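Each remark here refers to the structure printed beneath this line.
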Amino acid sequence: MDLLPPKPKYNPLRNESLSSLEEGASGSTPPEELPSPSASSLGPILPPLPGDDSPTTLCSFFPRMSNLRLANPAGGRPGSKGEPGRAADDGEGIVGAAMPDSGPLPLLRDMNKLSGGGGRRTRVEGGQLGGEEWTRHGSFVNKPTRGWLHPNDKVMGPGVSYLVRYMGCVEVLQSMRALDFNTRTQVTREAISLVCEAVPGAKGATRRRKPCSRPLSSILGRSNLKFAGMPITLTVSTSSLNLMAADCKQIIANHHMQSISFASGGDPDTAEYVAYVAKDPVNQRACHILECPEGLAQDVISTIGQAFELRFKQYLRNPPKLVTPHDRMAGFDGSAWDEEEEEPPDHQYYNDFPGKEPPLGGVVDMRLREGAAPGAARSTAPSAQTPSHLGATLPVGQPVGGDPEVRKQMPPPPPCPGRELFDDPSYVNVQNLDKARQAVGGAGPPNPAVNGSAPRDLFDMRPFEDALRVPPPPQSVSMAEQLRGEPWFHGKLSRREAEALLQLNGDFLVRESTTTPGQYVLTGLQSGQPKHLLLVDPEGVVRTKDHRFESVSHLIGYHMDNHLPIISAGSELCLQQPVERKL
């Protein structure tokens with residue numbers, strides 16, 4: 001009869017680690033030693049696994065900042081002057097393609113796995129992370145020890161440019177804030193698949209796509225393939241993602257960072273694609289698709305992450321004051337697209353698709369530029385402009401009223417060059433701001449999202465708009481005095497009251513916004529539909545997308561006397577008959 005060996009009695013002085021080694025020597029294999037976890041909540045670092053083709057995902061970074069890791073393949077490569085995958089140190093601006101002999105790039109795990117759920121361990125390419133050093137400086141993205149792909153001053157200045165192909169965009173009908181992370185990733189993948197099927201010559205067009213599930217079909221809308229397949233220069237900076245046609249230098253779109261809510265790569269069959277969701281006046285909320293040369297998609301994602309990182313550090317150096325919800329509505333984004341609070345949100349704006357809500361982000365988008373008449377001015381985009389990038393102004397003292405013949409002889413305002421939107425982009429992380437104020441004993445209204453009474457979205461970029469508020473321009477007083485002498489200026493007037501005064505096509509008037517001081521709105525009737533066009537940008541400059549004017553009177557006189565329509569989003573607004581105010 002076999003007897004089991006007696007178990008050793010418990011001894012509090014027993015060395016458990018030594019006993020484990022002794023037991024392992026009896027035939028069992030000692031457990032593999034795992035690397036110690038970093039200071040953040042991520043698991044240990046693993047080397048890239050062969051055949052692991054999980055998609056690249058860069059999501060907007062708030063408020064779970066310390067949990068995010070970016071795959072940074074080029075961070076582990078020694079940079080050389082002739083390396084095509086990153087900008088050279090001698091000022092080379094365009095990044096052409098990745099190294100031809102480079103293998104498949106390791107990609108980033110899902111955010112759900114990064115947050116600690118599941119048994120799979122997280123890996124981040126590029127060696128050990130400098131997590132402690134990075135967190136000490138208030139960053140929210142852990143980068144490889146060897147650093148980002150590009151110098152910070154280049155990303156904060158002119159930006160890093162990549163030669164890619166613009167494949168079009170797919171309308172997103174629901175707010176990304178209302179979707180979980182997995183659904184957002186599926187939305188971007190499905191948008192990439194839709195575009196690959198629709199555009200001839202797309203890299204992923206040969207594979208058979210699964211039918212779109214019902215939930216995704218209710219989220220994705222129609223596609224816009226106007227510029228599909230066009231080679232473009234993608235410039236990534238702390239201000240925006242700028243898409244410019246490589247041949248004619250036409251700006252296809254300029255999406256500010258605060259209007260971008262999600263960015264991701266494709267699935268294994270579409271690994272060379274980058275998709276990001278942004279808002280603009282033309283496409284509303286849409287998922288824009290970029291096709292990258294082989295091996296370059298990961299660099300594009302990493303550079304976007306670097307731009308977000310730098311913008312957040314700029315906020316830490318210059319945190320804005322805490323604003324009330326009413327001030328937030330009267331700030332940059334609200335004043336630009338929804339200045340009339342009493343109106344329903346689905347009202348037809350001058351630059352809206354029918355039935356769609358006005359966009360919330362400040363964006364410059366010139367998709368319809370080629371359809372404009374020569375010399376025609378475009379509608380104002382709701383973007384702040386720094387004076388050094390607004391283009392040449394008209395000579396001071398140039399007549400803007402009086403004899404129409406004199407105004408007709410005035411040359412058209414010079415076109416504006418490419419613009420930077422903010423001198424010093426600054427960000428708001430409401431949670432960190434409230435904690436900092438409480439630590440120093442500062443007083444301020446509590447944030448309901450921080451206290452848990454309202455859910456906060458991890459990818460919500462809207463808190464940044466607090467940092468973008470600008471005070472009312474001082475010249476608004478003189479502008480108001482000047483407008484009082486114009487017969488077509490009606491003072492403060494609601495949208496409904498203004499539309500009631502329009503009877504014939506070509507009727508127009510200018511009114512002052514009832515909710516935003518210093519903002520003036522051009523209201524006109526075209527093809528039986530009222531149009532509402534903002535005339536003053538957040539810097540207090542009267543401008544259209546291509547030109548700036550000395551005053552509102554100058555803008556009205558220039559377009560009316562020269563019979564030039566204002567073109568925006570495929571529609572024209574002709575200024576023919578001014579509706580004079582009643583005394």
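Yeah, the Cβs are placed from backbone N, Cα and C, and that goes for glycine too.
So that you can see what the record holds, here are the features copied from Swiss-Prot:
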- Met1: N-acetylmethionine (MOD_RES)
- 1-92: region 'Disordered' (REGION)
- 16-44: compositional bias 'Low complexity' (COMPBIAS)
- Ser36: phosphoserine (MOD_RES)
- 113-137: region 'Disordered' (REGION)
- Ser139: phosphoserine (MOD_RES)
- Lys154: N6-acetyllysine (MOD_RES)
- 156-339: domain 'PID' (DOMAIN)
- 340-487: region 'CH1' (REGION)
- Tyr349: phosphotyrosine (MOD_RES)
- Tyr350: phosphotyrosine (MOD_RES)
- 372-416: region 'Disordered' (REGION)
- Tyr427: phosphotyrosine (MOD_RES)
- Ser453: phosphoserine (MOD_RES)
- 488-579: domain 'SH2' (DOMAIN)
*Average the per-residue pLDDT over the domain 'PID' (156-339) and send me the rounded value.*
79
*For the domain 'SH2' (488-579), the number of residues DSSP places in helix, strand and coil*: 16 helix, 36 strand, 40 coil
*Taking the Cβ of Lys154 (N6-acetyllysine) as the centre, count every other Cβ atom within 10 Å, in any protein chain shown.*
17
